[in-house]
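Asks: Got a structure for you, written out below as structure tokens; questions coming shortly.
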Amino acid sequence: MIIGILGVGHLAASMLAGFLRSGLDPETILLSPRGKAAALAAQHGFRLATDNRDLVERADVVIVAVRPAQAPETVMALPWREGQLVVSVCAGVPLSRLEVAPAHTVRAMPFTASEIAASPTVYFPDLEQARAVLDRLGPAIALASEADFEVATVSAAVYGWAQDLIRKTAEWSSAEGLDPAIARRLTALTFAAAGQLIAEKSEPMDQMLEELVTPGGITERGLQVLSARGVPAAWEEACAAVLDKLTGQG
């Protein structure tokens, strides 16, 4: 199986690192000849296509990773064929705007954590070949509808916000005297631990938090400050704003 990457920017570079980490032979990966393609091909042994048409003619799976605004025009009039799979990782671009028939089309939203095989990647529709590719980047999560996919894609923004919260917390800790390297590692692992516990347990999340928050304790005190500053409402507003942008309403 030949995997073609159409658009080799930051996200694609992370996915390529994940594919290599999973054991894929770099000679089975074909890159479109722009962006970071030449440098990555020289470094890792990926193949370079002469142009987008050449890439589509040679690849069995094509991952479209161009800027969302460019995606519909980029895929238009290329030699797509029956049995070929197109995986679009272009946020906010519906399947209806990707003219790649008779190839099959899937939308996916990997994170840059793909490079360490830790990206929870949502995708729609649930095609076995797509899952086999995306599982190399972390847990692939199939969704039931394109509307669900848009809602789930908000998590790609939350991923960035979480990194910002980790950065701010680590910087505060180091400003208070904690070794910067320890502050960074501790804060990152704290967020990872909270997420992993919720992911692996089935109890309602409000119940888990209630068990964690001791009356008069430090967790309660911090939550009181955040609530008084309107943080929960602002967080929900930010999520809604991202969804509006994804669906063309904002």
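Even glycines carry a Cβ here, placed using N, Cα and C.
Nobody curates TrEMBL annotations by hand; they come from automatic prediction.
Among the features that TrEMBL reports, NADP(+) binding site is placed at L6, G7, V8, G9, H10, L11, A65, V66, R67, P68. What TrEMBL records for N52 is NADPH binding site. Marked as domain 'Pyrroline-5-carboxylate reductase catalytic N-terminal' by TrEMBL: 3-92. For 154-245, the entry in TrEMBL reads domain 'Pyrroline-5-carboxylate reductase dimerisation'.
Describe the structural context of each listed feature in the structure shown, including burial, neighbouring residues and relevant distances.
Replies: In the three-state DSSP classification, R67 (NADP(+) binding site) falls within coil. Its Cβ placed at the centre, R67 (NADP(+) binding site) has 12 other Cβ atoms within 10 Å.
A C-beta separation below 8 Å, combined with a sequence spacing of at least six in one chain, links N52 (NADPH binding site) to L6, S32, T74, L78.
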Asks: Going by DSSP, is H10 (NADP(+) binding site) part of a helix, a strand, or coil?
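Replies: It is helical.
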Asks: Taking 8 Å from the centroid of the Cβ atoms of L6, G7, V8, G9, H10, L11, A65, V66, R67, P68 as the cut-off, which other residues in that chain fall inside it around the NADP(+) site?
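Replies: Nearby residues not in the site list: A12, G35, V64, V89, C90.
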